[in-house]
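I am attaching a structure below and will ask some questions about it afterwards.
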Amino acid sequence: DLWVRDGKIVNPEPIYYLERRLADISIDCKGQLIAPGYIDLQINGHFGYDFSNCEIDISEAIQKTASGLVRHGVTAFCPTLVTQSAESYHKILPQIKRTAGSKAYGAANLGAHVEGPFISPHKKGAHPIEFIKAIDSMDTIRQTYGSLEDVSIITLAPELDPTGRHVRQLVSAGVTVSVGHSMATLQEGERAVRAGATFITHLFNAMLPFHHRDPGLVGLLTSSAVDKQVFYGIIADGIHTHYAALKIAFRSNPTGMVLVSDAISAAGLPSGKHKFGVQEIEITGNKAYIAGTDTLCGSIMALDYCVRHLKQVTGCTTVEALECATLHPSQVLGISHRKGTLAFGGDADFNILDPELNVLATFISGTCVSRNDSALDVDALDV
């Protein structure tokens, strides 16, 4: 049994034996699986909204995304920005306020993941090169973003911080530092980790490819030069990461894998052509192309699909697959005491899943916020 009171998961023993009470409401989950709510640490947009577009109402875009993500079992996420001008950061970041999840709002906003502009121009991916910059000082960082108040994660290239000083300063300011979009060697990556970096942004993508004499940032998965868990994001959509690479990463470091959608604004939209600014995108199945070409333009898969794909490809256990979207991302942000598990005292954010890990219902703070299966008792689900 899972017991919930005042939005928290509670130990029923003192309630039963000391208070001598039974549950006010009992829900029959019909033998299905209860798992923690999914946490997406890298999502650029959804349902037609792009969080990096300073011309739109970003707070509205995030709320609309938050309300839609719960259908996929996501109960918390980090809105992610690609490299911008300082003016755009100053306009967008104040609109990304950490917000608790609820039935009215949707998934919790855990704060921004700012991907750039302190990255390598040689591994920029889709980031605009004209806004990429070097790190001169902590003042440069603060002036670029305007404020770090609602920034949870910053992705930077570790070779831009040869002493690790800026990584230490950011960690001291309460920011999770992730390494990525980088030409860094393994030694440079290890130095960043020793300085306080704990995450790798979308492993294999936008970094030096693995080489047997210097494995680069990929080598952090098995490095003996660091004495802590290094977590790594990976896009397990079946498109951005080959199944063999996914298996190699998982088998090398299963406790560090963090599934991310890295979804773009086209995610959540139906198949067909969609206009985004001056660009037209065509969605076919689970892929998004620049219309009229065979050029992929980003991920459009949600985190629930990534969990199922990981389990299918690697043959890992259900628990291992789920922890890559729940426990591990919460550990990256240092919030595993309240999210990412079903431990007593934690937030009652959880999913009801069928044996194939399809999401049947999603709860935030003990309240049902989404139901995808009519077989479940809808009247009893609003706890």
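Placement of Cβ uses the backbone N, Cα and C atoms for every residue, glycine included.
Owing to the predicted nature of the structure, the values given are computational and were not obtained by experimental measurement.
According to TrEMBL, the domain 'Amidohydrolase-related' annotation covers 34-367. What TrEMBL lists as Zn(2+) binding site is GLU115, HIS181, HIS202. Here TrEMBL flags ALA126, ASN205, ALA206, ARG213, HIS240, LEU296, CYS297, GLY298 as substrate binding site. Look at TrEMBL and you will find ASP262 tagged as active site, proton donor/acceptor.
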Should any of the recorded positions ALA126, ARG213, ASP262, LEU296, GLY298 have a Cα within 10 Å of the Cα of HIS202 (Zn(2+) binding site), which are they?
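Close recorded positions: ASP262.
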Look at each of the binding-site residues, HIS181, HIS202, ARG213, HIS240, and point out the one with the fewest other Cβ atoms around it within 10 Å.
ARG213
Inside 10 Å of the Cβ of GLU115 (Zn(2+) binding site), count up the other Cβ atoms and send me the figure.
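Result for GLU115 (Zn(2+) binding site): 28 neighbouring Cβ atoms inside 10 Å.
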Do me a favour and check the Cα-Cα span between LEU296 (substrate binding site) and ASP262 (active site, proton donor/acceptor); whole Å is fine.
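With the alpha carbons as reference points, the distance is 13 Å.
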Would you please pick out, from the binding-site residues ALA126, ALA206, CYS297, the one with the fewest other Cβ atoms within 10 Å of its Cβ?
ALA126
How many other Cβ atoms are found within 10 Å of the Cβ atom of ASN205 (substrate binding site), counting all protein chains shown?
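I count 16 other Cβ atoms within 10 Å of it.
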Just counting, how many other CB atoms are there within 10 A of the CB of LEU296 (substrate binding site)?
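So the number of other Cβ atoms within 10 Å of LEU296 (substrate binding site) is 13.
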